[in-house]
Amino acid sequence: MKSVQFCFLFCCWRAICCRSCELTNITITVEKEECGFCISINTTWCAGYCYTRDLVYRDPARPNIQKTCTFKELVYETVKVPGCAHHADSLYTYPVATECHCSKCDSDSTDCTVRGLGPSYCSFREIKE
């Protein structure tokens, strides 16, 4: 009986404490090579946990797909990068997530690597706005 109560309490704790896949505010650094500057902007992206499991053995009937928290819907916004030369295109377009879900990572539109450059990577000096 105690093990049943423990399992019930553990499941309740997990449901309350562990955040599911949801929209979250993040700051990313954007840069344009022609401009030589970086700026930090606030945007919305997906973060959280998705239920997944690894099979101990390979089963051809059931492929092993790791689910990740990723966007379901997104829109694009544009910002002007200051300090660009007059002949350079100073507009930078970036994605903003509007809806999230747990799904297989789509490497055509998402960086699915374990360790990418990160949202604050900048090759140039940063302009504080």
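Start at 1 and count along the chain as shown; that gives each residue its number.
Quick reminder: no glycine exception, Cβ is built from N, Cα and C everywhere.
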Cysteine of CYS100, CYS102, CYS112 paired with CYS105 via disulfide, per Swiss-Prot: CYS112
CYS69: disulphide-linked cysteine among CYS18, CYS21, CYS35 [source: Swiss-Prot]: CYS21
Disulfide-linked residue for CYS102, taking Swiss-Prot as the record, within CYS46, CYS50, CYS122: CYS50
Candidate in CYS7, CYS11, CYS84 joined to CYS35 through a disulfide, as Swiss-Prot lists it: CYS84
Of the candidates CYS46, CYS122, the one sharing a disulfide with CYS100 in Swiss-Prot: CYS46
Distance check against CYS46 (disulfide bond) for the recorded positions ASN25, CYS35, CYS38, CYS105, CYS112, CYS122, keeping those with Cα within 10 Å: ASN25
Residue pair CYS122 (disulfide bond), CYS35 (disulfide bond) - Cα distance, angstrom, rounded: 13
Least Cβ-crowded entry, counting other Cβ within 10 Å, from the disulfide-bonded residues listed as CYS35, CYS38, CYS46, CYS84, CYS100: CYS84
In three-state DSSP terms, the structure that CYS122 (disulfide bond) belongs to: coil
In the chain carrying CYS50 (disulfide bond), residues 6 or more apart in sequence that have Cβ under 8 angstroms from it: SER20, CYS21, LYS67, THR68, CYS69, CYS102
